[in-house]
Amino acid sequence: MWHLKLCAVLMIFLLLLGQTDGSPIPEVSSAKRRPRRMTPFWRGVSLRPIGASCRDDSECITRLCRKRRCSLSVAQE
């Protein structure tokens with residue numbers, strides 16, 4: 001009879017031990033974290049959509065920068 005009690009105690013212990021591994025405790029931070037900004041390297045490397053501001057043709061997905069905007073056509077009225 002004592003082995004049934006021991007088995008029950010071990011099962012309860014194992015169940016409780018499994019619960020402690022469930023989810024991490026969230027860190028309490030007094031200061032809000034800022035989202036990471038894109039570095040100048042990635043800002044220059046990433047291709048921009050039509051209508052986005054640009055400095056030269058290499059920044060645009062269409063490879064056409066007209067009047068500091070990414071354009072779809074070569075000649076713009």
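Cβ atoms are placed via backbone N, Cα and C, with glycine included.
The signal peptide feature in Swiss-Prot is assigned to 1-22.
Look at Swiss-Prot and you will find C54-C65 (among others) tagged as disulfide bond. Under the DSSP three-state reduction, C65 (disulfide bond) is assigned to strand.
Sequence annotations record features per position, and here Swiss-Prot assigns disulfide bond to C60-C70 (among others). The Cβ of C70 (disulfide bond) lies under 8 Å from the Cβ of R48, P49, I50, G51, A52, S53, C54, E59, C60, I61, T62, L64, each on the same chain and at least six residues away in sequence. Taken residue by residue with DSSP, C70 (disulfide bond) is part of a strand.
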Listed in sequence order, residues with CB under 8 A of C65 (disulfide bond) and six or more positions away
C54, R55, D56, D57, E59, S71
